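Colleague: Please see the structure below; I have some questions.
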Amino acid sequence: MQSFFFTAAPRQCIELYFDEKYSIEPSWECKFDHIEVRDGPFGFSPIIGRFCGQQNPPVIKSSGRFLWIKFFADGELESIGFSARYNFTPDPDFKDLGVLKPLPACEFEMGGPEGIVESIQILKEGKASASEAVDCKWYIRAPPRSKIYLRFLDYEMQNSNECKRNFVAVYDGSSSVEDLKAKFCSTVANDVMLRTGLGVIRMWADEGSRNSRFQMLFTSFQEPPCEGNTFFCHSNMCINNTLVCNGLQNCVYPWDENHCKEKRKASLLDQLTNTSGTVIGVTSCIVIILIIISVIVQIKQPRKKYIPRKSDFEQTAFQEVFEPPHYELCTLRGTGTAADFADVADDFENYHKLRRSSSKCIHDHHCGSQLSSTKGSRSNLSTREASILTDMPAQPVKPLGPPVSRRNILVMKHNYSQDADACDIDEIEEVPTTSHRLSRHDKAVQREGFSQGLSISPSSFSGLPTLC
């Protein structure tokens, strides 16, 4: 058995012509010697036909850039065999796009315990421009005795279900068609587990499919039993300890990312010893230096002297001068409060008697009286007043004390005329004055004068005009 594989350039097809020299052992349904042609790169690709006998097969044309041919002979009956020619022709599906320009070289080498393969690397590393068709390959090499696990993080084809225009293919062991593991050109891409330590990722996208993208995480693993520096993923995988709690799921199931919050809290002090700890230490040192400099400047700076100012006045004198006076109304002080009340009552009684006697005197003087004549009224009054004043013994003058109270006396104003029948009191005016407390002797003299109805003591009502 012998097989042939033909690969054309992108946007091309393959045409196969058999020559006239053609002779293969005939059999029912060509079960013995025969030629098998398939439209694609694999032995399971869609079959185009199985040929045997003496009649030449027709012209065979592939639908894409791959064609697979197999020749089988059992060795019993011999025949001439066959001879064929092939040509590459433009693909009719890309007739509007024209001939494809030469593709740029686009290959990447990667390795290690883990890594990320992504389509954006093409632009980052300048392998091709955004308007060029690409046919890029990533070669992933795992450590010795390790295999490769591939997990898609992102995947999207601009022209989905059009494998001629864009696809992502995974090869296990080499980049040949025979080692093709999986090919994705639809809307879904599955994880792939390779059996060897060499994996090849291939991305094809024409000019109209450059928006297709993918991102894939590869993880190198070993089969159990796991070594001391590895982590068991519970899925026949032993990964490196450095991949545990790194924020990425490296196992088939997320065993490596479970219980990572507790571990991050425990390793907080370890993280501070790295870059963040250095930054914090430098900042703290700068702050301390600035504080020390500010303290030194404050110490060396001249300070202002404080001189206490003498007061220009004495506080006690100021208090005495500006202290407001205290006023007391109707207060009676001392031990003789009851006697004072009695004196006040006597003063009021004497005042009323004086008022009545004064009114009678004025009435008799101006209006006439049945008991005395008009001439003798004033002379008798003055004579009696003079005699009483001469008979009164001289009293010692006492110093005047502070006024105890303020009293009001009534001054009567009279309007009178020559008419004896019309004598009325028009108005009584209340005039405020200040009186002093009288001695008991003076009060006795006043009572005697009131009994006679002739005079008023000048010491009790100073400054009053004589009414009669």
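In case you wondered, yes, glycine gets a Cβ from its N, Cα and C as well.
So TrEMBL says this about it:
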DISULFID  Cys226-Cys238  disulfide bond
DISULFID  Cys233-Cys251  disulfide bond
DISULFID  Cys245-Cys260  disulfide bond
DOMAIN    1-89  domain 'CUB'
DOMAIN    106-221  domain 'CUB'
TRANSMEM  279-299  transmembrane segment
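Each of these features: where is it, how hidden is it, and who are its neighbours?
Modeller: Taking the Cβ of Cys226 (disulfide bond) as centre and 10 Å as the limit, one finds 15 other Cβ atoms among all the protein chains shown.
Listed in sequence order, Phe221, Ile239, Asn250, Cys251, Val252, Tyr253, Trp255, Asp256 are the same-chain residues at least 6 apart in sequence whose CB falls under 8 Å from the CB of Cys233 (disulfide bond).
Counting Cβ atoms from all protein chains shown, Cys260 (disulfide bond) has 14 others lying within 10 Å of its own Cβ.
Confidence in the domain 'CUB' (1-89), given as mean pLDDT, stands at 87.
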Colleague: Report, as a single number, how many Cβ atoms besides its own are within 10 Å of the Cβ of Cys245 (disulfide bond).
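Modeller: A count of 18.
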Colleague: Would you mind ranking the disulfide-bonded residues Cys238, Cys251 by how many other Cβ atoms sit within 10 Å of each Cβ and giving me the lowest?
Modeller: Cys238
Colleague: What is the interatomic distance between the Cα atoms of Cys260 (disulfide bond) and Cys226 (disulfide bond), given in whole Å?
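Modeller: Cα to Cα, Cys260 (disulfide bond) and Cys226 (disulfide bond) are separated by 21 Å.
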